[in-house]
Amino acid sequence: MSVQKPSLPKGTRDFGPVQMARRNYILNTIKETFSLFGFQQIETPAMENLSTLTGKYGDEGDQLLFKILNSGDFLKNVEPSDLEKGTSAMLPKVSEKGLRYDLTVPFARYVVMNRNDITFPFKRYQIQPVWRADRPQRGRYREFYQCDADVVGTDSLVCELEILLMIKRVFSKLGITDYSIKINNRKILTGLSEVIGEKGREGELCVAIDKLDKIGWEKVQEELNQRGFGERSIELLSPIITLKADNHKKLDFLKGFLSSSETGLKGLQEIQEVIQLLETFGETQDHVDFDVVLARGLTYYTGAIFEVKVHNVSIGSVSGGGRYDNLTGVFGLEGVSGVGFSFGVDRIYDVMEELGLFPEQHADQTKVLITYFDKSGFDYGLRILNRLRQAGIASELYPDEAKIKKQFTYADKKQIPYVLILGDNEIKEKNVSLKNLISGEQEVLSVEEMISRVC
RNA sequence: GUGGUUGUAGCUCAGCUGGUUAGAGCGCUGGUUUGUGGCACCAGAGGUCGCCGGUUCGAACCCGGUCUCCCACCCCA
């Protein structure tokens, strides 16, 4: 009988009481915000048919999917010759389900399957774990929660505005002040590639440009060079890279720069309108940063793209999203435009921890512990416990007959502020001794007095 | 997937060029106080030195493999 050492799969975590209290604090702030903006919650299964998931995230994404082995004899459809055909040929024969990789694709599936019951525009939010077979590191987990809010069935830029507003509200509530919401538009990137004479290569352009913050302009030039971008194209890009100005000045500059690209100008106009809406709504542009070189990997974004970065922390982006014109197309429903974004709770948690932003005392707290010496104290305590709970006071009775010292230590460890001591005197006089463990004061009170004291 | 790094008590870590019974702090249990926590003092429990193999008279220490952790790249929340 060997005892095995327990362990957790790579990249997964347990959450203890303190962590849960803090996570719930973040989650509740987000939920409350979504709901205030008129979003409705849905949930979808942890697992989806593999065919729903594959091909939606690019080749790399497919590799990062967790696949679920078929139940029963998963080799029953496999011929010896299949083995030689390689992994991708084998996979559909042994696995038909996978864990969801994000919440957007399951949502698209949901919309298509429920199209007749949904009233468009449909504003939904969804808070559930997703799984990625990534290699874990700081701020990167294999199981983590996403908090998505999406609107489908409208092109209105009010949706983009609301995303900005929700991000600002959540961060303000959580006490995160030093951050920026980077906003850009895919059409601007398309325009950019047209203007520099590399039409249709905005994807590659984005991948390279995206590293600007990390590796600098010099290295980005090298990478563009390696990817076969012409000297002249890179040179033309230069004024964009070095562009440092406020949002309005950037817009003005780009109107000239992108004047030959119809698509680019359209993107510019969209950004401008969003900023305009922000002003009309009566909100400042604080934290909102039009970033011409912001590029996001996901292939399906077609309009606005967002990313939120908290400054002075070692965590990547804590939120991101954008507009997609035809997300449901692959599932047979054309012409449904949507825009959405996602908060990464786990990363927000890490950020708040790093910045020391969690309020004290955020574990779920018992307010009163009832201690006693013997069976009669236990019985008396049980009745008082009932009274306390009816008064809505989080309270507990020490479950075992133990030395009073041990019961006190328990209260101390759990940071319970009040202790009731029930001995023969208290039982006889029908009162209680109430000790405040923070101040150390102790007094004898009637049950009613005690309840009003600890309320 | 590529490269690098780490692993010793519940936790954070010491442990000399390989040399007897592997240490500290914190935590834990008990006591000083059988009606009182935190603080102090005293005592005690707790380790297959990640795992497997090799070198050696002798390995926590050297070598190989493996797993794990963390970091960078890729990509992302």
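The backbone N, Cα and C atoms fix where each Cβ goes, glycine too.
These come from TrEMBL:
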DOMAIN    A:1-399  domain 'Aminoacyl-transfer RNA synthetases class-II family profile'
BINDING   A:Asp102, A:Leu103, A:Thr104, A:Arg132, A:Gln146, A:Asp150, A:Arg296, A:Tyr300, A:Tyr301  L-histidine binding site
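Here the features listed in TrEMBL are painted onto the structure.
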{"residue": "A:Asp102", "record": "L-histidine binding site", "contacts (Cβ under 8 Å, 6+ apart)": "A:Tyr57, A:Val130, A:Gln146, A:Asp148, A:Ser342"}
{"residue": "A:Thr104", "record": "L-histidine binding site", "contacts (Cβ under 8 Å, 6+ apart)": "A:Asp148, A:Asp150, A:Leu327, A:Gly340, A:Ser342"}
{"residue": "A:Arg296", "record": "L-histidine binding site", "contacts (Cβ under 8 Å, 6+ apart)": "A:Cys206, A:Asp210, A:Ile305, A:Glu307, A:Gly320, A:Gly322"}
{"residue": "A:Tyr301", "record": "L-histidine binding site", "contacts (Cβ under 8 Å, 6+ apart)": "A:Arg186, A:Gly322, A:Arg323, A:Tyr324"}
- Mean per-residue pLDDT computed across the domain 'Aminoacyl-transfer RNA synthetases class-II family profile' (A:1-399): 88
- Item | For L-histidine: widest Cα to Cα gap among A:Asp102, A:Leu103, A:Thr104, A:Arg132, A:Gln146, A:Asp150, A:Arg296, A:Tyr300, A:Tyr301 in Å | 21
- Is A:Gln146 (L-histidine binding site) helix, strand or coil when read with DSSP? strand
